[in-house]
């Protein structure tokens, strides 16, 4: 409770020599970090580097084994979320926490002293400042990922926190919303709020942050003003790669083999929930990017092709033969596999062991008596090929970091031996190193003749990987761009409709 | 109309209850009388209290199957204290204290030691019943003093002091859950525990207090039981925990936590009790009671589920309909910063733009 000495009282957050151990594994090894009023401080680190643990410790959700944490000069001696919040700190988590049965407004105001109805005006003002559209009376369970994220950000803003922690707040937002969020962050910083900003996107960090700290293996390995470090230095610090060779931050696409002419997937005038009259085709060995903003109908299209949503009209052909009465099991049997966007909700069996997860698509082909050793061997093959970091194949998927979870999910898709692979935001919430692993994997799959549809809101990623780019907006295919199309050209198509309508 | 019922379980149940009363009234004239209503109300009091307590626990996404034994144990304590010559108000106080203590032990197991609530309360279901039997030596407690039986006496308008007490509990619960911050915490804890913890809601003490409340409600039900029956058999309250859970489900309290209302439980208990009374009127042998109650519960739940699904389908179709209009009119689905003051939802915006 006691106030620290003068210098520390200046800092909004003052973390000193914090250790955190889970069993024999130390996740934080003596971390010290400070956040000053008005500072936007980037925190980077690979998956499993300890960022989330550190932030949870500051937010009072995790109790450190040793070391001290002070918020606004007051020691957090008996950590709890309520206490950290009373001291003026709010953590916007990476995966939004939503009360599904309550309204959006109640979700935002939950835990505050005043009833939600009386805070309505203030919430509406914040919504307007963020330039987002949000129905405050909707039931929160109906919200899409991006809107859930916005609810979390609004929770932080309405609490008028003096220190905010934003854990990958932009991963589900459209570029437009990111800009509005950044404007809001700058305004907050100008008014003295300190912000920890966690992101894997270096470009965003350069744009918004004053200072940077890099965590690796539970320790701070690089720290200082943003301008003093190059991208290569930062990435090297994160990954400990001697030279930044493995890191492909340029936007130049790597040379890919010429796609074969064999048509693997043909989609003809397909209409479904949220999109209409979409036609395109994928050739063997081709990576086709499907760009667009959140809500453009990309996920709906993919889910309709995969048989998860009803088809209204149109046809899908796989390897030349029509694919009728589509259901996931039919698609998997015929070699079409879909990697869902929301890995926590639709992708992984979080409490099941890793080998079981990797074999999940093969379930219906397994004999009556399971052969656990085959599953373990299959997982081991993927683990070594993809560099999945885990303790054992029996570890529950929940305990892996985001990037490793995504790799397990990819392993699951590959185990089904796909001819056509639809990847929906395969690198959401994945750090730079794991992201490069995944990129390399996608390229090598294409080189082996798999046709890949890559859905992504990250246009850099699309440009970097794709042989062709399809752009969707408002439920329709807006256009097709050749390899090497610029990010601006894609953005132009993806947002063109909106700009035209606004004018 | 359909949507109102799908969104509002309480309204559905209310209409069904009215229709049931009407139908029985047609089949058995004389059912729709003030005296029947008074009987139904009086007969529903015990189940009502137990159900209210169970509701608190279910809303936090837990379950309490020990309430029948808590009722029996606290009723036995009440009877023994009365027969030992302790004054009525003090005896009732002791009784409710014992119930709250039993609930607190449940809460300690669940919130403190992290035992899943179904396991913890299954254990205490046996524990409390055994405790009751050892207290009474396995004998019924009879010859309760007149003072407690007087609580059940008709006050002249068909209700008794007990009715007033139960209505008071109902009102307090309703106000608490609907109007207070702490009440909101109960729903938040059951809806998404991790989210609640994240927002600084003391989830463990919320769960703990839900169990304490459930214990106190079951003990109060024990008081009502003793007053109405006039003696306390060994098996007092046996099986009522399952009826209470059924009443909660019928009343729209979600077993997944986070949803429910005292009004729904109130109507649902009245409905279930009315059916019991109606069977007597219709001269249907009493052994059909449980069968018919179960059949009605299932019918209502299945119908309710169907209606809900139909409405969800319709809402989904409406939401996507905008994409399949005549011409693809490009309207902004997300307003830009300049268009901020009016805030349409993402789903209705395209329609509005047309």
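A Cβ is built for glycine as well, from the same backbone N, Cα and C atoms used for every other residue.
It should be emphasised that the depicted structure is a prediction, and the values quoted were computed from it without experimental measurement.
TrEMBL lists transmembrane segment for one of the ranges B:14-36, B:37-59, namely B:37-59.
Looking at B:151-177, B:178-204, the stretch flagged in TrEMBL as transmembrane segment turns out to be B:151-177. Note on TrEMBL: of B:244-275, B:308-339, the range annotated with the feature transmembrane segment is B:244-275. Relative to the transmembrane segment (B:37-59), the listed stretch B:206-232 leads the set B:71-102, B:108-131, B:151-177, B:206-232, B:287-307 in CB pairs under 8 A. Note: the stretches the transmembrane segment (B:244-275) and the transmembrane segment (B:108-131) are not in contact (fewer than 3 CB pairs below 8 A, sequence gap of 6 or more). Segment contact holds for the transmembrane segment (B:71-102) and the transmembrane segment (B:206-232), given three or more CB pairs below 8 angstroms at sequence separation of 6 or more.
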